Amino acid sequence: LPQPVTPDLLVSPSSQDGDLGSECPEDRGNWTGRLDFLLSCIGYCVGLGNVWRFPYRAYTNGGGAFLVPYFIMLAICGIPIFFMELSLGQFSSLGPLAVWKISPLFKGVGMGTILIVSLVAIYYNMIIAYVLFYLFASLTSDLPWQHCGNWWNTDLCLDHHVIRAGNNTLPVNISNTVSPSEEYWSRYVLHIQGSSGIGDPGRIRWNLCLCLLLSWTIVYLCILKGVKSSGKVVYFTATFPYLILVMLLIRGVTLEGAWKGIQFYLTPQFDHLLSSKVWIEAALQIFYSLGVGFGGLLTFASYNTFHQNIYRDTFIVTLGNAITSILAGFAIFSVLGYMSQELGVPVNQVAKAGPGLAFVVYPQAMTMLPLSPFWSFLFFFMLLTLGLDSQFAFMETIVTAVTDEFPYYLRPKKASFSAAICIALFLMGLILTTEGGMYWLVLLDDYSAGFGLMVVVITTCLVVTRVYGMKRFCRDIHMMLGFKPGPYFRACWMVLSPATMMALLVYNIVKYQPSEYGNYRFPTWAEVLGILMGVLSCLMIPMGMVVAVLQEEGTLWERVQQASRPAMDWGPSLEENRTGVYVASLAGSQSPKPLMVHMRKYGGITSYENTAIEVDREMEEEEDDESM
């Protein structure tokens, strides 16, 4: 067979000739192994939230009964939007900005995505820096947060060994005391007593600053060669956490009192299902856990071959992510059950979510076990690997989005550009290493990916189904995978998913609560700053519309219509994949029967070209019906 020839408009100056010799654009990079994509998606979706958010959300929202709304929301929101993102990325082989050739009027959605991901990447790497700090602190014979009596401890500090000794005689009142692990976290790691609030950040904590520098260095080295390097690193970072999770789970369930914690975690309280809050919480957990709307899924899929079975991969990743969350709940609550028995307090007094679980409660539980430094090191190493592959996705999203916009200039210098992005985000994150850095981290966490992210996802869903057209989108998937999405996906894309997202958005606005960290309430200016972070990503959409309309000609309505249509070069990136209607949009395609040109050029008819013939036939029949 003759080698496929790449049309001129797809060849960048960095290419030596037009022959790319593979099914993916070579200068852009692509996955080098079959499992690279699947493991990258699993690593991206299975992150810190599975360990420190899902178990807590489950027990506060009905225990085992929470799994009912969780899996229903997974079916309505999670799986369909996940599949939509993968389909857009794989079909076009473009990043989150360039993919809006599908409808240039809405390119601002891509700009909003990049802004959100950049803000999240800043504080997410700070959490990885905290994990590195604890990882190094675990390399001792005695954990530093095991006992009171250190320079950072106060008179309120109470050692759990004292409590255990007291259980045999008189009950100890622990209501006005603080555990050594809590003081280690707040007074030594954060040194938060040096700051009076968010407006008084205090001095930089140089040990945290070095940990942040190390975490950015690790991330840069892993994404240095794009998906070719990160695709290999995820073989370790996506699989090793499962090994540690199983070890922690086995150790946890064999502890005395473990079943007390598991019973607390899973006892179903079906009356909770009548509350709208539980359903909203389930939808939020799905939304953030799968990472839809951040552009990571779209970016990873854009490096796939054109006919990769993303339909199968969608179900493997989404269901695997849900099962991992449930398993993590067992590992966490079995240890919390043991801890509550040791302290002689109810499980709900030791259960926490977020950083409080990872850096206070679980480390305290580790000190109660034999070989505590070993188990502590394992736990924090698991958090490190869970966090890193999510951070790889955030960085790959930013780099891919910008290099796809300026391929001639930036693709040959991708390593240097990646370094510049990492340095810039590291410098922006320096405020998080100060004594008041935790206040800034909470502000970023609460607002950077809040309602702005939901607006992005809702807009994407509506543009693909309403503006681009459901029939056209299903035809694209048919061309790519050999079959059309069934009624389940079409119903979710058209109605169920956007309606659920709208409900989430309205709930978030109506139930808005100001940010707080412990007993500290954020001042008004900080709240306004947080809200502006969310609003700015939404404002990108109308700003992008104005730019797109100004670039067109004619009356205002004609400009809007022209800008909302797909760009001339929208479609599969390689000529051999441009069957059916997409052949005519390539340079030099003059034939009224473009598919025949394609078949003569490449010889023979494959199963996918058969699919293209079916698509063409359907379109001709529709045109005949319309003319009649």
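For all residues, glycine too, the Cβ spot is worked out from N, Cα and C.
Marked as Na(+) binding site by TrEMBL: Gly43, Val46, Asn50, Ser289, Asn321, Leu386, Asp389, Ser390. Taken from TrEMBL, the feature disulfide bond covers Cys148-Cys157. Taken from TrEMBL, the feature region 'Disordered' covers 1-23. Sequence annotations record features per position, and here TrEMBL assigns transmembrane segment to 37-55, 67-88, 109-136, 233-250, 282-303, 315-339, 374-394, 415-441, 447-468, 488-510, 530-550.
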Neighbourhood of Ser390 (Na(+) binding site) by C-beta distance under 8 A, where only residues 6 or more apart in the same chain count: Gly43, Tyr44, Gly47, Leu48, Tyr124, Gly291, Gly296
The transmembrane segment (488-510) and the transmembrane segment (530-550) contact flag, 3+ Cβ pairs under 8 angstroms: no
Stretch with greatest number of CB pairs under 8 Å, the transmembrane segment (109-136) reference, 67-88, 233-250, 315-339, 374-394 candidates: 374-394
Intrachain residues whose Cβ lies under 8 Å of the transmembrane segment (67-88), provided they are six or more past its termini: 58, 99, 102, 273, 278-279, 281-283, 285-287, 290, 292-293, 297-298, 300-301, 310-311, 313-315, 317-318, 322, 326, 457, 460-461, 464, 473, 476-477, 480, 485, 488-489, 492-493, 496-497, 500-501
Cβ contacts under 8 Å made by the transmembrane segment (233-250) with residues that lie 6+ beyond its boundaries: 35-36, 39-40, 42-43, 46, 222, 324, 327-328, 330-331, 334-335, 375, 378-379, 381-382, 385-386, 388-389, 392
Cys157 (disulfide bond) versus Asn321 (Na(+) binding site) - Cα distance in angstrom: 38
Stretch among 37-55, 374-394, 415-441, 447-468, 530-550 sharing the most Cβ pairs under 8 Å with the transmembrane segment (315-339): 37-55
Neighbourhood of Leu386 (Na(+) binding site) by C-beta distance under 8 A, where only residues 6 or more apart in the same chain count: Val46, Gly47, Leu48, Asn50, Val51, Pro241
Stretch with greatest number of CB pairs under 8 Å, the transmembrane segment (282-303) reference, 374-394, 415-441, 447-468 candidates: 447-468
Output field, Na(+) shell: CB within 8 Å of site CB centroid, site Gly43, Val46, Asn50, Ser289, Asn321, Leu386, Asp389, Ser390 dropped: Ile42, Tyr44, Cys45, Gly47, Leu48, Gly49, Ala238, Pro241, Thr324
